[in-house]
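According to TrEMBL:
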| type | residues | note |
| --- | --- | --- |
| DOMAIN | 57-451 | domain 'Acyltransferase 3' |
| TRANSMEM | 110-133 | transmembrane segment |
| TRANSMEM | 170-188 | transmembrane segment |
| TRANSMEM | 229-256 | transmembrane segment |
| TRANSMEM | 268-286 | transmembrane segment |
| TRANSMEM | 292-317 | transmembrane segment |
| TRANSMEM | 329-349 | transmembrane segment |
| TRANSMEM | 393-413 | transmembrane segment |
| TRANSMEM | 425-443 | transmembrane segment |
| TRANSMEM | 482-506 | transmembrane segment |
């Protein structure tokens, strides 16, 4: 047992190097600070089965599970085409046909069509993690009377370092994976796809890939799944958006440093950030809206602000004016409201989504009214969405992503679940898993589907000696049958092995290179290898009775 310094809020202590991606631990010890006065609490020793972790290390697990949902999103169509995209109880207004599949149930459907929900979580997580450390440093200095010149210089260097490292961190692994994919197309393991057009030689293929990469990843153009596609990696459309969103929140963080000199301007800037996020969302700029929303959540955690205070009478907020019995009521109400936010956010993340028609959501019970509330900027005049028009489901999935992350930052049992070994490992390799899973699925799909009996008639490959050699029957409902899980286990195992190797060969070297460049430019204190266990900051959770103190302190200092 030991006495540990308690964290005054659930603010993250991760570094800026984050994509779907990577919550890097490099240089984090130089950025750890306490936003409020230190408190000491008696805490038990950490569990012998799990190493000591960061207070928000569970976010690694969140992005790991999100990357796994993207894998499932691209795996399921091999079995059910578009059937699982229908809403549960959806009724066709023309034919009166209805769909009642298990895979289409609310909440359950995220394990079959959760790719869109995962993207929303990726962006809001990036906005949170990229800004929480510099914002905490800024607020800490303003509370100390404005801070020293050296302190502000450290903040500026931290932001500039993040700006320099971010493109390397995002683009270099994606480039190396794309080049590898281009080379593999000329081997026996090459994907059997007609798109892009096969070049006459390996050198010409790599040259074509590099040329298209430079053209596609130009940040000064509009990106999106309905905009420009990268032929050698259809899922990487999110990476240029990650870069632009990162630069936006870095700029907003720098502006907050100027506004933080006055309490009035701090409050005004906080409200302006909320308004900016809402405005961007209404204008169908949902990607940038999520980054700004992540920054807002970071400020809420640092300042001790909670959405629950908007629903509570003023006497309940001030602990000094209330009895201990009412304090317990407030604590239980806060818990209840946080779980309501979690359920509501999870429900919005599982909106019936299909890029061919808004009717998938409009005629699903429980979604008719919510679909009517979607802004017109997300719909065409006829109400039908095609591949070159906005995606109607991005509105509610964006709101769902923000509510879900807000709740996860405050519900301890969810944090413990995401901090277990499997989600944390998935988080460790999540960037590589995201970049490589489609390629692995394309390469392994012909073999795995044929040996299990899933291959469809009329294949241009003809018959093979290994057809039905490991035949798996289709016992069970849609999404729960034996063949589905057997094929998923085979392909997922290959995806995890490839992602692990890519993490070691491409992801970590890119991270070290980014820090090396920042060090050469004297924007970094140097490169640190894996942090020792003794170096890891352990923050004990605050006692329930201190919730009021944190709230009132955050309001006074804000």
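Residue positions begin at 1 at the first shown residue.
Quick reminder: no glycine exception, Cβ is built from N, Cα and C everywhere.
Remark: the transmembrane segment (482-506) makes no contact with the transmembrane segment (268-286), by the rule of 3 or more CB pairs under 8 A. The list of residues near the transmembrane segment (425-443) in space but at least 6 beyond its ends in sequence, with Cβ under 8 angstroms from a Cβ of it, reads 19-23, 59-68, 70-71, 74-75, 78, 173-174, 177, 181, 184, 189-193, 233-236, 491, 494-496, 498-500, 502-503, 506-507. Tertiary proximity for the transmembrane segment (229-256) is limited to same-chain residues at least six positions away from its ends with a CB under 8 Å from its CB atoms, namely 19-21, 70, 74, 119, 122-123, 126-127, 130-131, 134-135, 138, 156, 159, 162-163, 166-167, 170-171, 174, 177-178, 181-182, 195-196, 209, 212-213, 216-219, 223, 266, 269, 273, 287-288, 290-292, 294-295, 434-435, 437-439. Contact count against the transmembrane segment (268-286) (Cβ pairs under 8 Å) is highest for 393-413, out of 110-133, 170-188, 329-349, 393-413. Across all of the domain 'Acyltransferase 3' (57-451), the predicted model scores a mean pLDDT of 87.
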